[in-house]
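Features as listed in Swiss-Prot:
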type	residues	note
TRANSMEM	19-39	transmembrane segment
TRANSMEM	52-72	transmembrane segment
TRANSMEM	79-99	transmembrane segment
TRANSMEM	109-129	transmembrane segment
TRANSMEM	150-170	transmembrane segment
TRANSMEM	195-215	transmembrane segment
TRANSMEM	240-260	transmembrane segment
TRANSMEM	266-286	transmembrane segment
TRANSMEM	382-404	transmembrane segment
TRANSMEM	409-431	transmembrane segment
TRANSMEM	445-465	transmembrane segment
TRANSMEM	485-505	transmembrane segment
Amino acid sequence: MLGEMWSFNGRYKILHMTWFAFFLSFVVWFNFPPFATTIAQDFGLDKAQLGTIGLCNVALTVPARIIIGMLLDKYGPRLTYSLLLIYAAVPCLIFATAQSFNQLVLGRLLMGIVGAGFVIGIRMVAEWFPPKDVGTAEGIYGGWGNFGSAFSAFTMVIFGIILAFLPGAFNFGQPESFKILFFPEFNTAILNWRAAIAGTGIIAALYGMLYYFSVSDTPPGKTYHRPKSARGMEVTTKKDFWFLLAMNLPLTLILMVLAWRLQKVNFLNGTGFAIAILALVGLYLFQTYNCWTVNKDLMTGKKRYAPEDRYEFSQVAILELTYIVNFGSELAVVTMLPAFFEGTFSLDKATAGIIASSYAFMNLMSRPGGGLISDKMGSRKWTMVVLTVGMGVGYLLMSSVAGTWPLAIAVLLTMACSFFVQAAEGSTFAIVPLVKRRITGQIAGNVGAYGNVGAVAYLTVLLLLTEASAGANGGEPVMATVNAGFFQVLGITGLIVAFLCAFFLKEPKGSFAEFHEGETEMTATPPIEEEATY
């Protein structure tokens with residue numbers, strides 16, 4: 001596969017167009033952080049309000065990934081991805097034209113739906129690549145697409161300067177200093193963050209239209225397998241139904257945590273908070289009803305699945321936990337890493353940002369590397385275990401980083417830790433498409449949603465540690481203690497999940513097969529020469 005990867009024909013065309021769709025969705029999703037301080041000046045926001053906007057950016061991604069997974073299984077990735085990219089222009093324009101804090105929050109809440117785009121490509125890539133190559137293909141899709149967040153961080157300010165001549169530019173009053181990567185520092189007094197954010201949404205919408213007319217859901221002659229109903233996840237045993245309901249509960253609880261944070265910054269009053277909690281309880285009950293509707297015949301004894309048609313929901317649950325500790329921790333660490341290096345080593349903001357960017361840069365190699373290792377090592381289970389152990393140990397080592405350490409050693413440790421984190425993400429989604437093919441979208445949606453559960457949970461832990469430290473030290477938190485505790489939480493939870501994987505994760509059936517289950521050579525993806533016209 002690696003030898004043909006740079007081709008733009010057949011399955012490789014689909015792979016490249018799909019990872020770029022994911023890349024654009026992440027550029028749009030993360031177009032706020034580069035302008036955070038500028039927007040704070042423009043609107044007079046405090047740190048709590050900025051933090052709330054950041055949390056809102058990931059909040060609706062949790063239910064969105066579930067819903068997108070259902071729509072994906074029913075309507076196919078081509079239509080679903082195209083419409084999501086076109087939709088991305090809406091929250092971008094709302095945010096870019098905002099005149100109040102509440103409008104900013106609304107824009108970022110709606111933007112969280114765009115973050116669900118990752119799920120769509122998982123199924124698209126799985127349809128075009130056989131099981132033996134799916135880890136590498138999904139790793140390339142995830143790793144290269146994920147780089148959109150780093151690209152946004154490096155380029156949005158440049159776009160804001162280039163577009164300064166357009167209406168809506170913010171004038172600092174005096175030149176502000178900016179530094180991007182290793183380029184020389186530059187000064188500007190005018191930055192058009194509104195035009196830059198609106199522009200990314202428009203670009204995403206245009207690519208959404210191009211994507212629709214350039215790809216297909218499956219290779220020629222291959223059937224797109226759909227579930228009987230997309231209202232809820234199908235399970236194949238009665239005990240798995242109750243397990244499914246239990247694993248759906250944290251998805252609702254984490255949204256309650258967000259509602260609590262919104263109340264703390266006065267976005268919601270007491271009545272609004274109570275209404276939000278009741279609405280979330282209603283959402284969980286509605287989701288439960290839909291799951292019952294889909295699985296009613298099974299639960300009432302009218303239907304039994306043949307052994308070869310069953311899957312174990314416990315395998316989905318384990319993968320959800322792995323994505324909490326790998327992708328969830330990545331999102332949380334990316335948020336705090338610049339401040340960590342700045343405070344620990346007394347660096348300026350620009351230098352700390354450059355060093356912290358090494359964590360995101362690793363995505364280009366690490367996530368595909370995790371998928372490749374999973375494809376080549378002969379056991380997807382033990383690949384997952386080893387990478388998750390490495391991640392846990394890496395975080396525990398990072399908890400001991402202090403200002404007395406050589407900076408180069410700290411940077412190397414950060415990069416090594418990020419390799420295990422992102423390779424574990426690649427390993428997770430090397431398994432996801434192999435659990436139950438016809439509901440791959442819903443499985444990917446649930447697993448992906450748990451990544452956001454992890455991000456919100458870990459960021460909340462960091463916030464609580466900071467507040468506790470501030471309370472114990474007369475109002476000023478001791479960030480060295482806070483950061484050490486935070487990395488210890490990441491490391492310990494990672495090792496716990498690695499232990500669970502070692503005992504409960506099973507090797508997927510047909511992990512390294514030439515064809516998907518139920519396919520033959522005639523219905524599988526044809527050779528690249530035959531696909532060249534597609």
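Numbering starts at 1 and runs along the chain as displayed.
Cβ coordinates come from backbone N, Cα and C, glycine included.
In this chain, the transmembrane segment (150-170) lies out of contact with the transmembrane segment (109-129); the count of Cβ pairs under 8 Å, excluding pairs fewer than 6 apart in sequence, is fewer than 3. Only residues 6 or more beyond the boundaries of the transmembrane segment (52-72), in the same chain, are considered here, and those with a CB under 8 A from a CB of the stretch are 29-30, 32-33, 36, 45, 80, 84, 104-105, 108-113, 115-120, 123, 230-232, 251, 254-255, 258, 261-262, 265, 267, 283, 287, 331, 335, 441-446, 448-449, 452-453, 455-456, 459. Proximity of the transmembrane segment (150-170) to the transmembrane segment (485-505) is not established, fewer than 3 Cβ-Cβ distances being under 8 Å for residue pairs spaced 6 or more apart.
A contact between the transmembrane segment (485-505) and the transmembrane segment (195-215) is absent, since fewer than 3 of their C-beta pairs, 6 or more residues apart, lie under 8 Å. Taking Cβ pairs closer than 8 Å, the transmembrane segment (266-286) reaches residues 52, 63, 101-102, 105, 248-249, 252, 255-256, 259-260 in its own chain, all 6 or more past its ends. Between the transmembrane segment (195-215) and the transmembrane segment (19-39) there are 3 or more Cβ pairs closer than 8 Å, counting only residues 6 or more apart in sequence, so the two stretches are in contact.
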